[in-house]
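Asker: As annotated in Swiss-Prot:
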BINDING   63, 160, 213, 405  substrate binding site
MOD_RES   277  N6-(pyridoxal phosphate)lysine
TRANSIT   1-27  transit peptide
């Protein structure tokens, strides 16, 4: 019977080959309308770098720390924490929806300080998330579902590229406020205040807690104070993104200053945290999302809804990275070592900034490069124009994003002179 049916099929298509007949009988594609998406701008830089055979090539696009030999760096405190965890021979059972409790508690304590009134009163809730991106998305989903007063979220201009799709895909309406001043490669306080004064009440405003990405430009404490007062006057909901605590200045308290100050001034903030950079746990995806509430009862209600949001997305977070971070944060000797290592990473980046400016002067550059050392954190907005970036890529095999942002973590004692020479060549 099967053979009969097969022969009928073949005869019905006349002189066509059996292969063509089978292809015609297949269902048409469901996905003919799907267009090819654009490549990720950061990953595209890395792919081009990999194809380059120039021995002097530099990849200044990727936001991951490198040591002074240009190699990936695993912290000693992380290795020791891993050894302690392995020795315990722990199980691999599911974590609760909200994550590892020891981690969540230590995570928010690191951000707010262990003696913060918010923690003592129990009026905050922290859930473990899938690093900073996961934290932002859970936060965006929460705001989208429960902040009925406004669908608008105001991002600094510019902001981290992923902020836009995270909030957009959560159903928020994207707006912007002035932040960066291209003429000075610094912070535009007047522009920021002017724009914030016009933001409709109860809108959401996103703030980078420290080491603004991509510019490396942070407000000074007195500027933060002006912003906090105006934001409170405008009755805006503050969403802090803190991906670089300790990694910016080398001091965890200094880097968390803005977050703590806003809370002191009565802002019930949302807070996203990541341990990718400051613990080097990039692939472990360790983060936290915190909501500061009116009181403990409100915090419990918020927690219940966060769990409901998390459950259909990833059910519960991964445990290994959270165990590592919790072990470091809760073990005094490891915590002390980690603080030293964080400062060491931050200090190396600061030193590379200084060496770059020094070598630019040696090259004879007459441009003002003070913004390179004024900026803070992993990234530097160089002020280079797109055509200058193209020359750096094509003539010197120095790869970066088109906006002139460089990852200072990719600069080393061995290649900083070459970088300065190349920048001078395209800017003189």
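Placement of Cβ uses the backbone N, Cα and C atoms for every residue, glycine included.
For each listed feature, how buried is it and what is near it?
Answerer: Residue 213 (substrate binding site): 22 other CB atoms within 10 A of its CB, across all protein chains.
For residue 277 (N6-(pyridoxal phosphate)lysine), the Cβ neighbour count at a 10 Å cut-off comes to 24, with all displayed protein chains included. In the three-state DSSP reading, residue 277 (N6-(pyridoxal phosphate)lysine) counts as coil.
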Asker: Measuring Cα to Cα, tell me the gap between residue 405 (substrate binding site) and residue 277 (N6-(pyridoxal phosphate)lysine) in whole angstrom.
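Answerer: Each residue's Cα considered, residue 405 (substrate binding site) and residue 277 (N6-(pyridoxal phosphate)lysine) end up 18 Å apart.
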Asker: What span in Å does the substrate site cover, taken as the longest CA to CA distance among 63, 160, 213, 405?
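Answerer: Farthest Cα pair among residues binding substrate: 11 Å.
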Asker: Write out, in the order they occur in the sequence, the residues of the chain not among 63, 160, 213, 405 that have a C-beta within 8 Å of the mean position of the C-beta atoms of the recorded substrate site.
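Answerer: The answer, listed by sequence position, is 161, 214, 378, 379.
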Asker: What Cα-Cα separation, expressed in whole Å, is found between residue 277 (N6-(pyridoxal phosphate)lysine) and residue 160 (substrate binding site)?
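Answerer: Here the two Cα atoms are 15 Å apart.
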